[in-house]
């Protein structure tokens, strides 16, 4: 009954009480999201998703975030930042195929183990234009690109994570984005094509990853001043031995080589070579080795590896495989051996182009110097096998380095180097297997060093910089791996030092090495000795137990001088290059037991020492760049899509320090900038002019103007520190302002350019008009000359054609006439003959009939010929008449013109003579009048008193009339001169047009008729006026004459009367 009551109470509480969600950790370590039903002091009732109700301790519950924060793209946005909330958020996004999540400055990428629709040109353009801002590898790469251009500081993208977490694919995605952004020169295609080559020669299948990198590479991509890729350089690190199966290239070569190549390389199937069948794994599900081999060959062509060099590379690969087939046989009772001269030994000698005996000696003997003497030591079976394997490893390692060198030559920057670069680091991830050997020891040490760089950049340096700049800062504790690095690197009692020291002793074994470690390092908290040859190291990612079997031999990895001399004696250029490279690495002698024991003269440094040196060079390179971190997470160990193992993911998050990164980013100031740089970058945004003030004052004025809250930034001694997202506001304002300035400048420059263009257009149009006018005038002159010449030529040609036709017709007519006349003559002559001699024959009538028909036919023919002749003559007459008409018409025109000119000239001369006569008559009358007046002066004085007044008035009127007549005649004479000049010019022009001397768009005949009509009308009018003038003058003359006669009569009457009186 109590249980029933409790159940009812719980049900009611679930229905009516507000639900509070919390995380509860189950006994297996996984987290479940439960709802708090009721609290009882330090305990609480919670309901789990499966319907279970548990009573748990309140302190064991972890608060959960509200539903609105499910699936946020940045872990910094979570209200409660704890492990179960982070795991749930990542799983929520992973189940929706959203594999990227931000954790402050770090990008978390979960391997989906399948293809997801998050890549391609559309996504690249979206992130390039900032239309997409969700977490992505593209976003990290774009940020690195922009910071490189803005700050002029080299950038690096460090991709880390466990083996199988997707680091190699992430690196290729980042390279694809950079190639698209900085493409254009074609070299970006070559950079992308280096991936198939490096993966084929440097990657292998392991238990946890089908494409595990067995080497480290740093791809340094260089950019020009305009942001375009100008070249690249690839730096590799010491290769580790193969994993579950050997390197991909061996299987690809065996599967994809052509028949001719297989025959030249003496290739067999992959499962027939000893080196490849040790793992009993020859294929990878879903991978076609033959297809990948073709991709590798195409990539070698693209990076400009010559065809003969490719053949040599494949020959070296085949030689490595055949080295594994060489067997040995005992030659004495001391178990000394020598290689068996069989197919394997002969094939190796043929492929590397050396003598069989030299190869046989190099694999079975070792030369040692003792003082000035050289001792030849025979090898046992174990030593010979080690020498054989060491030669194979050295050839392959040198081949890989040579390929990288050739790729770097193809991608060389040279003179285009600008100092700006983005480096992408893709290195083997942390590994932990059931049995971990020397390879895992080196890989995990490298990852420890990378984790130290990560911690140093995000934690140590961050907090140290806050303290040095006087920032109010609450220190955040984080898990440091410095103790683990000290375990590896400390001298003289570190793992590496003890390994190198033990490797120098000839009698040392793996067991003595393990015991020495336990003896000296048991007190270290990161070290724990195990049974037999094992020991355990507490790495940042967890504890790893190593088996020391093979540690000393692999660390020595000795290649005897005999083997190097063998390679240098080969006829093939690649082994010679390998030998020269190995000899160059052995310049520094080694002192100590290793040298005394007659070890390798060729390799003076241990593998661990070389690996450590390369790793330190890598770290120095990364320290000089601004890093961007991508943490790759493996959701399960089975490479199964959609499976999310909370424990595995949580372990990787702890190892990566993601939670600490988020905590320090939330409480810290991830963005910082010096006062000078901040004032120089944003000072122009100030409304007031404060350029004369110091950078700190300018920076504070900028912050105050944009109302940035004091808690969102802090002012240090040398820098300004901003919380996340604050600098973005200033950047947006700066970009908008610069965009406006550029827009105004572009508009003004466009206006200037358009004005200048208009002026140029006007000038060009004027110049073109002048040039075209001059050209047209010249062309018109040429055409006019041609036209006149053509007219003249046509006239002459037509004349010749018609004359020729006429002559032909004339000759033909003459010929026809002669023939007809001859025929008529002959006919008449024939008839006469018949009449004379026909009477002598009896058949005369019949003969006369025949001759008459013949004559009739001939007559018809003659009639037809005469008709044709008449037709031709008529046609000839018509043509002749036309020609005559043209000539007559032309002559008529000429005669008309001449007659008109003559008529005009005669009329002009008659008019001129009439005018001159009129002038002379007027002048004569005037002179006569004056003389009469002088002669009769005395007589007139006598009668002047009688008729003085009348006579005086008469003289005045006569003078006036005479002056008027003279003015009229002068005007008529001037008009005559003008009209004669006009008509003469017009007629002359029309004659020139008619003759073709002048070109004009008018009809000369019509104009001539019109001119003639005008002349006739003017002549008629002028004649009428001239006659009127004559009549007027005659009247005036008659009046004067009559008055004179009357005066004379009166004078004579007075004279006579006087005499009579």
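Each Cβ is built from the backbone N, Cα and C atoms, and glycine gets one as well.
Unlike curated records, TrEMBL annotations are generated automatically.
According to TrEMBL, the feature coiled coil maps to 855-903.
Annotation comment: TrEMBL describes 17-66 as domain 'Myosin N-terminal SH3-like'. For the domain 'Myosin N-terminal SH3-like' (17-66), the model's average pLDDT works out to 79.
According to TrEMBL, the feature domain 'Myosin motor' maps to 70-735.
Residues 90, 94, 103, 105-111, 113, 137, 140, 143-144, 147, 151, 153-162, 164-167, 170, 208, 216, 218, 235, 237, 423, 425, 429, 445-446, 449, 453-454, 457-458, 643-645, 648-649, 652-653, 656, 658 of the same chain sit 6 or more residues outside the region 'Actin-binding' (615-637) yet have a Cβ under 8 Å from a Cβ within it. Among the features that TrEMBL reports, region 'Actin-binding' is placed at 615-637.
Sequence annotations record features per position, and here TrEMBL assigns region 'Disordered' to 928-950.
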Tell me the residue counts in helix, strand and coil for the domain 'Myosin N-terminal SH3-like' (17-66), as DSSP assigns them.
3 helix, 28 strand, 19 coil
Tally of helix, strand and coil residues over the region 'Actin-binding' (615-637) according to DSSP?
9 helix, 8 strand, 6 coil
